[in-house]
Amino acid sequence: MGKEVDVSTLEAGGVRDYEDPPPAPLVDIDELGSWSLYRAVIAEFVATLLFLYVTVATVIGYKHQTDAAVNGADAACGGVGILGIAWAFGGMIFILVYCTAGVSGGHINPAVTFGLFLARKVSLVRAVLYMAAQCLGAICGVTLVKGFQSGLYVRHGGGANEVSAGYSTGTGLTAEIIGTFVLVYTVFSATDPKRNARDSHVPVLAPLPIGFAVFMVHLATIPITGTGINPARSLGAAVVYNNSKAWSDQWIFWAGPFIGAAIAALYHQIILRASARGYGSFRSNA
């Protein structure tokens with residue numbers, strides 16, 4: 001009968017054909033003296049700024065084009081639609097991850113950084129600086145949108161994330177948890193050293209599935225929460241728009257993504273990559 005073996009090792013001799021990078025130190029003070037860290041932090045800031053500028057501008061533009069008070073009764077048929085908004089978010093992540101992956105890893109999202117920190121892919125020092133840069137970049141990106149079109153920005157909600165009418169807080173939180181799980185799970189899978197070692201094209205294509213994951217999650221959750229899955233994106237819009245509803249729901253767009261990222265990190269590292277991480281391998285006879 002057939003036998004299942006741990007596919008993370010070669011059948012001949014049980015020797016791996018890849019090597020996992022060593023875990024990042026929890027706290028690496030020496031890292032603060034490295035220019036590469038600050039270059040990466042700058043890259044995260046700029047990438048998140050560009051991400052928020054393009055995506056929030058897309059949201060505001062769509063709402064303006066579909067505003068019946070401005071464009072008439074047929075306005076609802078105009079604009080890029082929810083599909084176009086989802087493409088804007090997913091497409092920008094694809095572009096920016098491709099551009100920054102070699103410098104900072106292309107996180108552009110505190111939830112992604114948090115998940116990678118839990119998996120010991122980045123140190124605590126790097127994770128904290130990345131998150132600060134991402135949040136600041138998001139605020140600056142949304143500020144640019146408001147600066148260029150302040151009237152439309154205020155009229156059309158500022159691109160802020162809120163739980164939509166008709167949905168409960170629990171539904172919004174669940175949508176954010178599951179949506180972020182999909183994203184962070186995709187990040188781990190696309191950057192898995194085992195896959196990269198066996199398929200040389202995978203590192204080049206990694207931004208594509210990550211961007212596509214963002215696109216798909218937006219299709220599912222825009223009607224529920226406007227789709228956060230990125231605490232920096234939600235914070236940037238809330239700070240600049242400064243609306244009570246956006247602030248009262250803000251905790252959902254931090255708790256949900258962080259919970260989803262933690263679950264994805266644990267699932268990938270402990271279950272899918274258990275043998276590679278020293279948790280042992282499982283064999284069974286059919």
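Cβ from N, Cα, C; glycine included.
Feature annotations, reproduced from TrEMBL:
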type	residues	note
TRANSMEM	41-62	transmembrane segment
TRANSMEM	82-103	transmembrane segment
TRANSMEM	124-145	transmembrane segment
TRANSMEM	165-190	transmembrane segment
TRANSMEM	202-224	transmembrane segment
TRANSMEM	251-272	transmembrane segment
Selection from 82-103, 124-145, 165-190, 202-224, 251-272, the stretch that has most Cβ pairs under 8 A to the transmembrane segment (41-62): 124-145
Contact call for the transmembrane segment (202-224) against the transmembrane segment (124-145), three or more Cβ pairs under 8 Å: no
For the transmembrane segment (82-103), distant same-chain residues with Cβ under 8 A (at least six beyond the ends): 39-40, 43-44, 47, 50-51, 54-55, 58-59, 62, 206-208, 210-216, 218-219, 222-223, 227
Beyond the flanks of the transmembrane segment (124-145) by at least 6 residues, Cβ under 8 Å: 24, 26-29, 31-32, 37, 40-42, 44-53, 56-57, 60, 104, 107-110, 113-114, 116-117, 153, 158-159, 231-233, 235-237, 239-241
